[in-house]
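Record features, source TrEMBL:
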type   : residues : note
SIGNAL : 1-37     : signal peptide
REPEAT : 58-77    : repeat 'Cell wall-binding'
REPEAT : 100-119  : repeat 'Cell wall-binding'
REPEAT : 120-139  : repeat 'Cell wall-binding'
REPEAT : 162-181  : repeat 'Cell wall-binding'
REPEAT : 245-264  : repeat 'Cell wall-binding'
DOMAIN : 308-385  : domain 'BIG2'
DOMAIN : 486-566  : domain 'BIG2'
Amino acid sequence: MMQRRKNMRNKTMKKGLVIGMSAVLLASSLVPANVQAAAWKQNKTGWWWQEDNGSYPVSTWKSIRGNWYYFDQNGYMKTGWLKEKENWYYLGSANDGAMKTGWQKVNGSWYYLDASGVMKTGWQGTNTGWYYLDPSGAMHTGWLKDNDAWYYLGGANDGAMKVGWQQVGGTWYYLNTDGKMAVDTWIGNRYVDDSGAWTKTRQPAQWIQSGKRWWYRHEDGSYTSNDFETIGGKTYYFDAEGWMIIGWKQLGEDWYYFDASGAMVTGAWVGNYYLDEDGVMATDTWIGNYYVDASGKWVPNKVKEEGELESIQLDQKNAALWIGEDMTLTVIYNPADTTTDKSVTWSSSDENVATVVDGKVTGVGKGTATITAKVAGRKATCKVEVTPELRIVCSDYEERGYLPFGTDEIGENGAVMFFPENGEFIDELVGTEWSIADESIAEITEVILDGKAVNVRGLKEGTTTLTATFKGKSTSMEITTKKVAKLESLSFPQETYTKKVGEKFILLPDPYPTNAYLRSYEYYFTSSDPDVAWIESGSGVVRTKKEGTTVITVNYGGGPGAVGINASYTLKVEGSSDDTVPELIRYEPENDHGIPVGERVKPNIVVYPVTCQYMAKDIKLTVIGQGPGEGSAKIEDGEIIGTSQGWVAIEASLEGCEPIQFWLYFNDGSYN
């Protein structure tokens, strides 16, 4: 269990020689007690790494002989699962501690950890196929239902997504190329029913009569309600209960007529009424030399006046808009030289979806609206579907400015994944269609999950256009391809750099060859003396703290746990800068390992740049939460006092800086 640093040091000083831990550590642990070489140490609580100066890493990662280890706030090596900054890592079983990557079997379940050691969840593509990792990280096997589609992921210890014909429990199923189980369709000359099972018989869609009424049964047993459906080239309408309508039916402001068979009448007279080509009853217009009034009824003996307006139509019957986009509809008059007043009245069936002013239609919100134009009693409509604006995103491309090709280190099969995005959930973009303008420059290797993503691979250097189309609207992204090579080495232009106390800078290494394929997130930076200069491990941003010398090292190859390729330079810090504006604050623990309950502690909050001017009282501390063990604490005069044993979350803030959060552990003495 956790204990204070001085207790741990007193106990470990009594150990003359430490043997064990694992074969990896034996070679380094057999060191005489009087030789202060860096080595693994152990007591009844656990293992820690002691540097040659007697210090040891605390609350941090450390690379030791090619493996990465994590040491808790008491300095003990962590094993098993570790959660850090919303990511989970697996550090092996007891007496191991080395961070794992790739596939790992833990307590009977398989987990996948990327090159940085981060446990993955959801769909994960590897060189052996696609896998689904549950929210717990455990590899899913057998059947999986995801977004209303079924996938088969093989038996125990398999997990790979299957495609094609698969026999499961004596029944054959067909999985499409994207892994989705086919249902209620033909695969060649074989039919799979709505359960996905191959059956030698098929239940066809058919009309069903009940008394004098009819309904239409689909192949899956469902039926249409409150909507039109085209069957055998004829259009029918079914009421709320699914019964076929016969005779007159009003839908919104429009009337339709369905004959004795239920088929909608179009382009024909029904008694004294005329149904146009869309099936809508005509009103207040001329049908040839016949006039129908506002009720739609033919008016006998009415004579068409010279130049009288017969009908109108709009230049579009259907249109698509993005939210915020507009277009203009144009009225077409028949006859074109009509002498009738051409004043137009415009209206929208739903102004929350689309508005119209003088024919200018503007998309307002997601949905469908009908735009209506009326002239002298004649009317015409246009159905407008409005969706959020679509764009194409790819963080890898946005970071580089080009699509790399030429090395197998690039994505899956050398391809990079692009996504459609419009502010909606990605599942809302099912059915997005993709195309490449010049397939000699780049090609689409795979459309993933019904268009929710696409893999694109470069073929030769050049520029082409990637287009995504969703619900009739398209957006494009210009793509430039560039040939890259595998990284061989890294170097810095100089061996030594000189900076002042309080300075901030970033220096990235030069790759060889110069067109080497690099991923910025695979850089891992360290400083040999964090008291001289602190460096952000991921970004490489350096902040100098005091005069002295330190060695800055960058490792490329996936972060903690990867041997990778290294480069380093010596940083000399001399003199002081005049930067006095606070940029950020950081908690840098000193001796807060198992703080006794009731003891006052002032956490070491460092303000950067270290040359900035501030008062200690300007740093505000707040207790914001409790952790495992139900710890609690209070703040008095800028100091923290633990009131019960356990973990406590603290927030520190300083005007002009982002607040930070950290945890402290308070011990009431029940654990030694």
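Each residue, glycine too, has its Cβ placed from N, Cα and C.
As the structure is a computational prediction, the values presented were derived from the model and not from experiment.
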Who are the long-range neighbours of the repeat 'Cell wall-binding' (162-181) in its own chain, taking Cβ under 8 Å and residues 6 or more past its ends?
130, 143, 149-154, 187, 190, 192, 196-198, 447-450
Tell me, what is the mean pLDDT of the repeat 'Cell wall-binding' (58-77)?
88
Per DSSP, what is the residue count of the repeat 'Cell wall-binding' (100-119) in each of helix, strand and coil?
0 helix, 11 strand, 9 coil
